[in-house]
Amino acid sequence: MSNNDSTSKQKVTSTDEFIKGLWRDNPVFVQVLGMCPVLAVSNTAENALAMGLATAFVLLMSNILVSLLRNFVPKQVRIASYILIIATFVTVTDYAIQAISVELHKSLGAFISLIVVNCLILSRAEAFASKNTIGRSILDALGMGFGFTLALFCLGAVREILGNGSIFNIPLFSEGYQSWIVMILPAGGFFTLALWLLIINALQTRKVKS
Amino acid sequence: MNTESLGSIFLNAALVNNFVLAYFLGICPFLGVSGKMETATKMGGAVMFVMLISSMSAYGIHAFLVSIDAPFLQLISYIVVIASTVQLVEMFIKKISPALFKSLGIFLPLITTNCAILGVALFQTSKGYGFLESVVYSLGAGAGFMLALVLIAGIREQMNFADVPNISKGTALTLFIAGILSLCFMGFAGLGA
């Protein structure tokens, strides 16, 4: 879609639009947005991945719609209408997940509904989709969505390996492994995210220095 | 349908299953406005108020939606109620205390996207609480949010004078503190049962 109006110069920036969400402006590690689901459902890799994909889907759909409607929605009521758009897609996702796997729906619980109040989605709608063409909005949503999923997966994998001794429910260690229960508990979520932030900070400081 | 006593509902929501430290709800304002004790208490008060109003409205809405057999509208109507309550509080604070309005800044409208508030509304529905129970539950959750916010604001004010490595300044340090606090709150397990 972005080909319609893209010159070669714009093409470069289109790729950039996608890449920035994965690393430079990663929603979790750099912007620290949408923390609640990140910490709450990242206790296993599977939950984390499902949550990430659900959020990415809602982000994509709402970015598309917000971008399409950007010239029709009056400025004063824009936030309210974005929230309504997001809530609609979240309801769709909620019912879809329930249809695909009841078990998964149970383990994610209320956190699917809580995607509505994920600041990441609202901030992309406000900061990006409401000002850009639909093609760029799609790229932006895909980049941010994958970045979010990637970050969630990083957290979930670490917590499941240390706290449960397995990944995707496949045991990694022999019987003698003493699992770190604390990593599955809420406190583990805070510690793991803090550690990832430390690593990213350290990497970026080194980059600036060199 | 529900035999929990009101006291245990309150303790459960405030301490045992603290919304911030056990359910991870409302982390954004928790990280954002917890730098100063004064802002933290005021933010906590505003959140408590919005929580109470939206919890009461959510009870009514849920009863209505069940009666017209349209449960899929639940999420949308809850969020609309919360958004309008926040708007009300915002206008009220702006009128009463412009200074407070300024110090809360962007975080005031962002109460709308505070998951703790929507969380209270959703949890009370899924737990099947009656009206009185819902009110007590939302008060407990609000008190718990306030407690967590004030605790971490106090610790962060002290940490300003500590000499920590450069890379751990900011969010990472706050998250470590929150993790330790969360461990402390696990000591309350079994209290409300």
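Cβ coordinates are placed from backbone N, Cα and C, and glycine is handled just like the others.
All annotation found in TrEMBL is predicted automatically rather than curated by experts.
According to TrEMBL, the transmembrane segment annotation covers A:48-69 (among others). Cβ atoms under 8 Å from those of the transmembrane segment (A:48-69) belong to residues 34, 37, 41-42, 81-82, 85-86, 89-90, 93, 97, 104, 108, 111-112, 115, 118, 120-121, 124-125, 128-130, 132-134, 137-138, 140-142, 144-146, 148-153, 155-157 of the same chain, restricted to positions at least 6 beyond its ends.
Here the transmembrane segment (A:81-101) has Cβ contacts under 8 Å with residues 50, 54, 57-58, 61-62, 65-66, 69, 73, 108, 112-113, 115-116, 121-122, 125-126, 130 of the same chain, all six or more residues outside its ends. As annotated by TrEMBL, transmembrane segment applies to A:81-101 (among others).
Sequence-remote contacts of a segment are chain residues at least 6 beyond its ends whose Cβ falls under 8 Å from one of its Cβ atoms, and for the transmembrane segment (A:107-125) they are 27, 31, 33-34, 36-37, 40-41, 47, 50-51, 54-55, 58-59, 62-63, 66, 79, 82-83, 85-87, 90, 93-94, 97, 140-141, 144, 148. Feature annotation from TrEMBL assigns transmembrane segment to A:107-125 (among others).
According to TrEMBL, the transmembrane segment annotation covers A:137-158 (among others). Packing against the transmembrane segment (A:137-158) from elsewhere in the chain are residues 1-2, 14, 17-23, 25-29, 34, 37-39, 41-49, 51-53, 55-57, 59-60, 63-64, 66-67, 120, 124, 128-129, 167, 183, 189, 192-193, 196: each is 6 or more residues past its ends and has a CB under 8 Å from a CB in it.
Per TrEMBL, the feature transmembrane segment maps to A:178-200 (among others).
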